[in-house]
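Structure first, commentary second.
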């Protein structure tokens, strides 16, 4: 019996495998170490670095950060209300860029609900109206004939519906209908790990709508869409046990754990995913705060859908900062990484020498400092992402894809990925 088979046997016990999705009895030490990685991020309180997902993840986990949690929520409220509710200024051309995205607003609403707050009052109503307007604008971009696309993504569209749903705020049937149609008729929604994230978020939005019955006329379509979403995510499971890849697995499990459609296939798939996640925790795979915040609820058998009725009195273990071991002085080792740019003319190819352990972002900065390479990034909750390379800005429905040879898209962001010696990194402008 292989290692994975043996672990599945231990996890499943001597009886038959369950037909529901449960992620229980995960090593508490591994979970604590995961939570400890979020603590330094809770000291970063600038508008650019505040991340509502961190607060949501902790509140739905078995861990707590004590007084730091309350201070973090207070900082979120100040930042989001001031930036989103202030009047638009003609004097500041970057005013719109400084405001949180609608996806971030949706996460902020989830954070409020994670503290057992219902959004309300004049300020709260204005935020709800902003999110509803965003959904209406996206609905118009998709079009009456469904031939268009959201200006942002179906992920943010789904997240917006979910955030309003947990606050018992109804959106129009036509808004829900656009997401239903996408799941029913757009197979490209599930082609890679990003699409697993999108499908899982859409499924959680549908789950909330099903449980809350906010759109009763759409109930039958919602039920069928949830069945379709579950089937597609289960089919996306890799031989290693991940849904899409390791980083898309937490959101997929959040959806599957709340499934009202039990089956042996579901139970087996979740046991396999749990075994894979256990291995990833032991290898310290999760370092990005957004990914950690999506995983922590899973390890406590919770999901964003539980924010319909959160349990704010549940006991949670207090996190203590990890003890840091002073780094030993070492002679730095250098590695060589080949950097290529394709999809534009002229192309670019250059070898960069950097200290071992450098992030891809560090490598790009080094190439910029010592040659003609130029790049720009934009901050996001998952870290910086490329917006411009060699002066070429990604246009509408374009993005700069990052790959490593042989033609493998990176699963991590440029701030998290650390290339190895001799590796080739390609930046490719692609459409979507």
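Note: Cβ is positioned from N, Cα and C throughout, glycine not excepted.
Quick look at what Swiss-Prot annotates:
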SIGNAL    1-18  signal peptide
DISULFID  21-270  disulfide bond
CARBOHYD  94  N-linked glycosylation site
BINDING   104, 152-156, 193-197, 245, 248, 294, 400-402  cob(II)alamin binding site
DISULFID  116-312  disulfide bond
DISULFID  165-208  disulfide bond
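Annotated features, which come from Swiss-Prot, shown on the structure.
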residue: 21; record: disulfide bond; Cβ contacts under 8 Å, 6 or more apart: 253, 256, 257, 259, 266, 267, 269, 270
residue: 104; record: cob(II)alamin binding site; Cβ contacts under 8 Å, 6 or more apart: 52, 80, 381
residue: 116; record: disulfide bond; Cβ contacts under 8 Å, 6 or more apart: 310, 312
residue: 165; record: disulfide bond; Cβ contacts under 8 Å, 6 or more apart: 171, 205, 208, 209, 212, 214, 308
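Each of the recorded positions 196, 208, 270, 312 was scored by other CB atoms within 10 A of its CB, and the lowest score goes to 312.
The DSSP secondary structure for residue 248 (cob(II)alamin binding site) is coil. Of all the binding-site residues listed (248, 401), 401 has the fewest other CB atoms within 10 A of its CB. DSSP classifies residue 270 (disulfide bond) as helix under the three-state reduction.
All protein chains considered, the CB of residue 154 (cob(II)alamin binding site) has 22 other CB atoms within 10 Å.
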